[in-house]
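*Asks:* Okay, so TrEMBL annotates it like this:
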- 169-573: domain 'Major facilitator superfamily (MFS) profile' (DOMAIN)
- 167-191: transmembrane segment (TRANSMEM)
- 211-228: transmembrane segment (TRANSMEM)
- 235-254: transmembrane segment (TRANSMEM)
- 260-283: transmembrane segment (TRANSMEM)
- 295-317: transmembrane segment (TRANSMEM)
- 323-343: transmembrane segment (TRANSMEM)
- 387-408: transmembrane segment (TRANSMEM)
- 428-449: transmembrane segment (TRANSMEM)
- 515-542: transmembrane segment (TRANSMEM)
- 549-568: transmembrane segment (TRANSMEM)
Amino acid sequence: MAIGAVISHRNFTSFISSGRIHKPEQDTAYQRAEKLSFSSAQHVHRNMYSEKVYSLKKIHFHSISSHGVHLSTTPQESKKFQIRNHRRIARCNWIKPEQLKHNSIFNRQPLQPRHATINRIRANYKSEEYDVAGTDLDSLVVSSEGGASEAVLVGEIQETNQFPKRWVIVLLCFSAFLLCNMDRVNMSIAILPMSKEFNWNSATVGLIQSSFFWGYLLTQIVGGIWADKIGGKQVLGFGVIWWSVATVLTPIAAKIGLPFLLVMRAFMGIGEGVAMPAMNNILSKWIPVSERSRSLALVYSGMYLGSVIGLGVSPILIQKFAWPSVFYSFGSLGSVWFAFWLAKAHSSPTDDPELSAEEKKYILGGSVSKEPVTEIPWRLILSKAPVWALIVSHFCHNWGTFILLTWMPTYYNQVLKFNLTESGLLCVLPWLTMAVFANIGGWIADTLVSRGFSITTVRKIMQSIGFLGPAFFLTQLSRVKTPAMAVLCMACSQGSDAFSQSGLYSNHQDIGPRYAGVLLGLSNTAGVLAGVFGTAATGYILQNGTWDDVFKVAVVLYLIGTLVWNLFSTGEKILD
């Protein structure tokens with residue numbers, strides 16, 4: 001009977017190329033092999049669990065002989081190597097004999113003959129660039145269950161129907177960052193009715209808004225140290241619960257008095273300040289380099305979508321249930337997330353008893369997991385030029401980003417003459433474009449890495465887009481004539497900015513995976529300072545200049561960041 005499979009020439013050759021055959025015994029075997037033909041198969045998608053795992057599933061025979069199949073390997077047995085088909089023996093034209101040169105089926109050392117009534121054959125195998133090095137078909141075993149037999153590659157069994165545990169961790173981090181920005185931006189909406197109720201002036205409102213950064217700045221580096229020493233699970237879990245409780249208590253603190261509200265907002269900043277370093281630490285252990293860019297892009301897109309949801313839902317809640325409902329509803333979601341986090345998350349793959357051996361092997365890449373960090377080598381870290389490239393680039397990047405996101409409603413209202421409602425709706429557009437393009441950039445970056453581009457090259461390409469894209473579109477704002485084109489330029493600026501998630505935001509794990517939390521804490525501290533100083537400087541510039549001057553400063557910093565990044569950054573590990 002004829003066996004069927006739609007298999008690419010390259011993959012099939014890789015699959016059967018591990019055996020050795022002696023020249024005198026080839027011809028007879030080749031002639032017999034030409035009688036094989038394949039009819040149907042599913043070439044299953046590239047498995048996410050391993051570097052390159054492919055499965056051949058449910059390869060059915062045209063007709064099943066009651067006599068079964070006899071696999072033979074010796075010269076004598078090869079004469080009997082045939083498939084009995086009561087209807088026909090189909091001939092395969094596309095399998096060339098020389099392609100089977102190293103097929104272990106024709107090896108001098110014979111396999112034990114096996115007879116089975118076969119309904120389907122499945123072979124799972126691990127490959128590197130479509131090549132199975134050292135794989136021998138002698139390791140295939142045939143088992144029968146209920147009339148069905150399967151050929152399984154021993155030691156390379158892969159659970160293809162189970163969702164990867166590492167991506168469960170990524171989705172939990174994504175949802176944590178979603179809540180992070182929902183709880184952060186709700187104050188920008190709720191402050192309007194609050195200021196009317198408590199008779200706050202503009203200076204007081206500015207003080208309340210800035211109080212968040214007091215705590216946020218304090219815990220960037222501390223959170224990184226803590227995560228690197230005790231693990232990302234504990235630190236991120238603490239951060240979410242801390243800022244969720246602070247969010248729920250915000251209305252109570254506001255009614256008690258202004259000082260209590262300022263302290264509560266600072267407490268919220270403390271909780272959110274540890275989130276990014278802790279997330280970076282945990283993903284540095286769970287995500288292999290081939291998936292690093294898209295995983296981080298997905299997590300950071302949670303922040304962007306959180307802003308969209310927060311800005312969209314908060315006005316509805318305030319209108320129907322008054323302003324305290326925003327803090328109570330958003331803050332309570334943290335407890336739901338925390339329950340899932342405790343049940344599913346672990347700081348490292350080595351700590352997870354439910355993780356399959358195959359996925360653990362893929363994540364660790366054959367390397368031995370190192371002990372947790374006990375001491376931070378500050379002198380070594382600060383002596384590395386790529387670390388300073390991260391810090392400077394993060395500062396330059398966040399200057400432009402914070403200006404656009406903080407002052408955008410004012411720009412829409414004063415320059416483009418949109419009303420407040422239109423400005424609020426259009427403020428959502430950049431966050432949406434960032435969420436979309438961050439994931440596109442992550443996919444592109446991982447694809448380039450998988451195709452052989454060095455990590456250094458990929459990081460420089462992606463971050464250059466993240467710098468030069470916004471710089472270009474900001475220079476166009478002074479030339480556009482219509483509000484629609486101005487909004488498009490702003491959206492394109494933020495969309496190209498999102499490619500930074502696959503550039504500098506992924507680089508902490510590249511250069512020092514054991515100290516990823518500390519490295520992100522260092523660079524993000526510079527980024528937060530850029531946001532604080534940039535927001536204040538923009539107000540000063542607008543008092544004495546124009547919006548063009550604001551954009552020119554941002555463009556200059558984008559160009560400085562591009563230069564520093566391409567001269568001093570690297571994708572190689574420099575801290576061990």
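Numbering starts at 1 and runs along the chain as displayed.
Cβ atoms here come from the backbone N, Cα and C positions, even for glycine.
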*Asks:* Is the transmembrane segment (235-254) in contact with the transmembrane segment (323-343), using at least 3 Cβ pairs under 8 Å (sequence separation of 6 or more) as the test?
*Replies:* yes
*Asks:* Counting only pairs at least 6 apart in sequence, do the transmembrane segment (211-228) and the transmembrane segment (260-283) share 3+ Cβ pairs under 8 Å?
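*Replies:* Judged by the Cβ rule, the two regions touch, with the required three close pairs present.
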*Asks:* Any chance the transmembrane segment (387-408) and the transmembrane segment (549-568) have 3 or more Cβ pairs under 8 A, given the pairs are 6 or more apart in sequence?
*Replies:* yes
*Asks:* Within the domain 'Major facilitator superfamily (MFS) profile' (169-573) only, compute the mean pLDDT.
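*Replies:* That stretch averages a pLDDT of 89.
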